[in-house]
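The compositional bias 'Low complexity' feature in TrEMBL is assigned to 148-167. What TrEMBL records for 62-192 is domain 'Formamidopyrimidine-DNA glycosylase catalytic'. Taken from TrEMBL, the feature domain 'FPG-type' applies to 340-376. The region 'Disordered' annotation in TrEMBL covers 147-174. Look at TrEMBL and you will find 1-19 tagged as signal peptide.
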Amino acid sequence: MVILLRLLGANIFPGPTWGCVSLLPALCSPHVHVVNTCFHRKIKQCLFWTRAAWFFLPAEMPEGPSVRKFHHLVSPFVGQKVVKTGGSSKKLHPAAFQSLWLQDAQVHGKKLFLRFDPDEEMEPLNSNPQPIQGMLQKEAVDRELPLGPSAQEPSAGSSGSGEPVPSRSDETYNLGKIPSADAQRWLEVRFGLFGSIWVNDFSRAKKANKKGDWRDPVPRLVLHFSGGGFLVFYNCQMSWSPPPVIEPTCDILSEKFHRGQALEALSQAQPVCYTLLDQRYFSGLGNIIKNEALYRARIHPLSLGSCLSSSSREALVDRVVEFSKDWLRDKFQGKERHTQIYQKEQCPSGHQVMKETFGPPDGLQRLTWWCPQCQPQLSSKGPQNLPSS
C-alpha cells in the first residue's frame, strides 16, 4: 500500500510538502495512532501520527460500478413502506421518512436517486418486488456531492459537469423537510469518499480507536421497511431534489452510452486524463478507471486528444467500458478489484511506475499512475497511433 508522508521539518515537495513512500511496516507500529481527519487538495484523508512523521492514506470515492452495486442492493425495497427510522443526520431528519413509500430507485454515474411518496398519495401495486437479476439490467427509466471539501467532480449546473440537472432549477428544496405535495420527493444520494449502503446489517468497528474504544461507525440514516429488512447509509450526503433529468448517453455503464459523443470529447486539444474525468461525457468514471483505461490503452495521461489517432481514441473508450464492466461483474461475484497500474510500484511488464498529480489549472489535481515505457509521451505533431501492447 502506498501512503503519503511528511517528515517533520523536511521539504520533500514544493508547495504542500507531501512526498510518497511505501510505509506499511510503520503503520503496524504500536506508535501509530489515528489523530484527526484533514483535507489536502480537496481530498479527504486519514491522518496518522508516529514518533517521526505524519502519515495519511488517500481515499477514493466510489465510482460507477460501486454505485451500481448500491442500486442493486436498494432495488428490492422499492414498493415497500418505511415503518421505522434512525440515524445521526441533522440536516436530513430521519423522522421525515416515517410512513413514506419507496417508489423508485435510479442510478446515474456516481449518484443514486430514490423516490419517496406518502401512503395516502400513492400505494404501490407490488409491495414485495424481486431483486434485480444480472449485473447490467436495462434501467427502468433510462434517461456525487462528496462531503465538504472532499468533492471530486464538478457539480451540476452552469459548469457543464454532465451531472443530472433538476427539471425545476428555480425551486428550493429544504434538506430536512419533505418537499410539498405538488413536488416529487426525490432523494439524491452522493457517496463522497467513504459513502456506502448496508442491507440488513450494520458496519462494525474493525479496530479500536486511539482511546482504545471499539466504537462502531455511526450511520447517517437507517430505514426499516414493511417487508422486514432495512437499509443503512454511511457517510453519504443526501438531500431532497427536484426530479432528476438523467442522460444515459454519457453513463459509461448504460446500454445507451454514446461512443460517438465520447470519442468527440476525446478529440479535444487537452490532455486525455482531463477529459476522462469530465462527467458530461464519462459519467461514473473516476480516478481508478481513468488510470486503468489509459494504461491498458497504452496512452500517456498527458497526451493531447487532438494528437491521438482515431484508432487510439477508439481503443481508449473500449478500455474504459471493458474495465468498468469487469469491475462491476467482480463486485457482483464478490471478487476483489484487479488493477494493473493504479497504486502500483511496477507495471505488469516489470517497469517502474511513475506517479504525479495532473489536472486542469482551474480544476482538481488527481493522482495519476503511468508507465513511461508502456505509455510513452508522444509528439504533439499530428495524430499518433498507440504503441503495440
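Counting begins at 1 with the first residue displayed.
Cβ atoms here come from the backbone N, Cα and C positions, even for glycine.
Just so you know, TrEMBL annotations are computer predictions that nobody has curated.
Taken together, the residues in the domain 'FPG-type' (340-376) have a mean pLDDT of 94 on the 0 to 100 scale. Broken down by DSSP into helix, strand and coil, the domain 'FPG-type' (340-376) contains 0 helix, 12 strand, 25 coil.
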